[in-house]
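Copied over from TrEMBL, here are the features:
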type	residues	note
REGION	1-61	region 'Disordered'
COMPBIAS	24-39	compositional bias 'Low complexity'
TRANSMEM	88-107	transmembrane segment
TRANSMEM	119-140	transmembrane segment
DOMAIN	140-320	domain 'ABC transmembrane type-1'
TRANSMEM	147-170	transmembrane segment
TRANSMEM	190-210	transmembrane segment
TRANSMEM	248-267	transmembrane segment
TRANSMEM	302-321	transmembrane segment
């Protein structure tokens, strides 16, 4: 059987359309090409090229602020994301510079008595001179040593006791009154008792540092372990995982962010208490040279040591913040 193809004559409209599509330069062909998905006419392409060449490349971050001139720079400081990842550092530095300018202006205009509040220049000169002395680092090391030993002892005591408190409601009821009575006592109040019982030396400072750093770490450890979702331990128990492995594999990792917040607070407290014991008790360290400068009426040195103490405390907070990001990466991802 042979197949036959039946043809018919084209209508005038169909013939006109086919003629326009066959001729690429005709208006109908241009419209037809533009109607196809993803098609771009020559005029549109040239217009897009011209538009893209007229628009300057967008600049972000510090480069965009500098290109905007002084007024644009000031406006850009408040724009979210304008400074990129260095926004906090730049704004913090700008705040310190502004505070220094206000300080120097107030001293220069004698709003503040120069005999009580020295100028920024005199304070920074004394700070540089102190940092350049080799014996200064020995003094700083003595303060950090007592703070570090006291913090380690607080950690060794607080974590097991906090675990016991979190695991036993009976033990919490037994010790809550004792903890509530001892926790509010400032370490400086115990200083005379420590001198009588221990005397001077490193043990005297470590005892007071331990008293100050223990409580935030203990309470945060107990709270963090009690706040762990019971479903996690129940699921682990259903798989017949022994209690010790459940503790280290589930409870402690889940409570680690809360425990670490207590560790950061305890570290700052330990450093502050160490300086305080040296200042009041006369032990060697930053506090002792601060007391000597105060008794000798060396005002620029008093301010310089105070600034150094603040910078060291800031460095301690930065160190423990970085340590937390390193040891608890999942906590950083959820922020």
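The chain as shown is numbered from 1 upward.
Cβ atoms here come from the backbone N, Cα and C positions, even for glycine.
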> Per the definition of 3+ C-beta pairs under 8 A with sequence separation of 6 or more, do the transmembrane segment (248-267) and the transmembrane segment (119-140) touch?
Replying inline: no
>> Below 8 angstroms Cβ to Cβ, which residues of this chain, lying six or more residues outside the transmembrane segment (119-140), approach it?
In response: 100, 103-104, 107-108, 284-286, 288-289, 300-301, 303-305, 307-308, 312
